[in-house]
Amino acid sequence: MVKFTKQNFFFLVGGMIIYVVDIGVDFWVASRYFCQGQYSWSILILCFRGLSSIITQIFSYEWFKNDWEGTDTGKLKLVFLVHLFHCGIFIRYWFALKYGCQAAFKQTSSRGASEADPSNFIQKQAIDAVTDISMLRVFKTFLETTPQLFLQIYILMEHGKTHFYQYAAIMMSFCGISLSMVDYQISLRKSLPDKDEFHVLSKFMYLFYKLLTITSWILSISLITLLSVRISVILLIFLWICGFTWTLKQRTTFCKSKKMEYLYRTVVGIILIFSFFNIKGRRTKVCISIYYATHTVVTLGMLFVYIFCKPSIIKEICFTIVSILTISSLVLGIIFLVVYYSHFHPTSYCRPQAYSDEVDGVVGQKDRVKTGRFQNFLMQ
């Protein structure tokens, strides 16, 4: 069984600190915009925060209800009230810190011991608690952090005036996305049989692939929004419809109830606007190629539209810098993607017979140990 280490514990503590700081920065930035009379920006920031919090509270409570099925109803009612006041994530952090501290500092785990062994049970409790937080972070990243990054970049490009709090918001967004991606990979690897062979360099390759492609796409959408807000909104809605339709076609089975499954598919549709994720653990070479080819076509098409429709803007230094960053981020991101799947994806060095586009934890399905919620979660 995989051990929950001291490094994992300190990473968990760091993630909690960043989560709390991120909340403070959001309200600080929203208040600054409000004081300057930029009410629409302030409301949008709070809306992203509110939407993200509502959805993560719903999923968190449903997971508690599923895990505690048949237990004391009074305890579950208390948990419901805590989630109602949007503090459910702190309960999860408390459990994670409690089990994590015991697993990392007070327990020893033997690989040959059974799961019923007390020390291994604590290890599993710690890993499961951190895994749930990791999944909620993925939701938060693409429901709040990524849209806020897009909004802050658009404001900078639209108005030109820069303030310290804007840079603080952008830095926190990048930190949030980076932490979410790395934490996601760590939790995913710990839930799969080949977890011990996942190299540190692989995590960085995956991080740069995700971060660069997301950055490029956000810059592209920002440029489209500068050209026409209506076109940008139509494009985002169309992309969400495509993503949602794909989840329906994949017939995902993440949630126990139909209502929660449709909410999950709605959220995944939003995630797919910004980054590709395999939601069924199947080979994705064609899908991922189409996905990033579409991003490339839209990005290049947007730049050509600017060249022919607004030739005067090409002379502006801001547009030149953003265009270079957009193209270079896209190219580098795709390079990291190809290199990651060719040489650093676990299936490329753990199982020679596996295809490079198979997602994490799909190979050897029959021999797999039970992985809990992650088994039916976003797999890539």
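Placement of Cβ uses the backbone N, Cα and C atoms for every residue, glycine included.
In TrEMBL, annotation is done automatically, which means it is predicted and not curated.
According to TrEMBL, the protein has these features:
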| type | residues | note |
| --- | --- | --- |
| TRANSMEM | 9-29 | transmembrane segment |
| TRANSMEM | 41-64 | transmembrane segment |
| TRANSMEM | 76-95 | transmembrane segment |
| TRANSMEM | 164-186 | transmembrane segment |
| TRANSMEM | 207-227 | transmembrane segment |
| TRANSMEM | 233-250 | transmembrane segment |
| TRANSMEM | 262-279 | transmembrane segment |
| TRANSMEM | 291-309 | transmembrane segment |
| TRANSMEM | 321-341 | transmembrane segment |
The transmembrane segment (76-95) touching the transmembrane segment (164-186) per 3+ Cβ pairs under 8 Å rule: no
Contact call for the transmembrane segment (262-279) and the transmembrane segment (41-64): at least 3 Cβ pairs under 8 Å, seq gap 6+: yes
Chain residues outside the transmembrane segment (41-64) and at least six past its termini with a C-beta under 8 angstroms from it: 23, 26, 29-31, 33-34, 76, 79-80, 83-84, 86, 88-89, 91-92, 132, 135-136, 139-140, 143-144, 147-148, 151, 155, 255, 257, 260, 263-264, 267, 373
Sequence-remote partners of the transmembrane segment (291-309) [C-beta within less than 8 Å, at least six residues beyond its ends]: 213, 216-217, 220, 223-224, 227, 235, 276, 319, 323, 326-327, 330, 334, 337
Tertiary contacts of the transmembrane segment (207-227) (same chain, 6+ residues out, Cβ under 8 Å): 146, 149-150, 153-154, 157-158, 174, 177-178, 181-182, 185, 235-236, 274-275, 292, 295, 298-299, 302-303, 305-306, 309-310, 322-323, 325-327, 329-330, 332-334, 336-337, 340
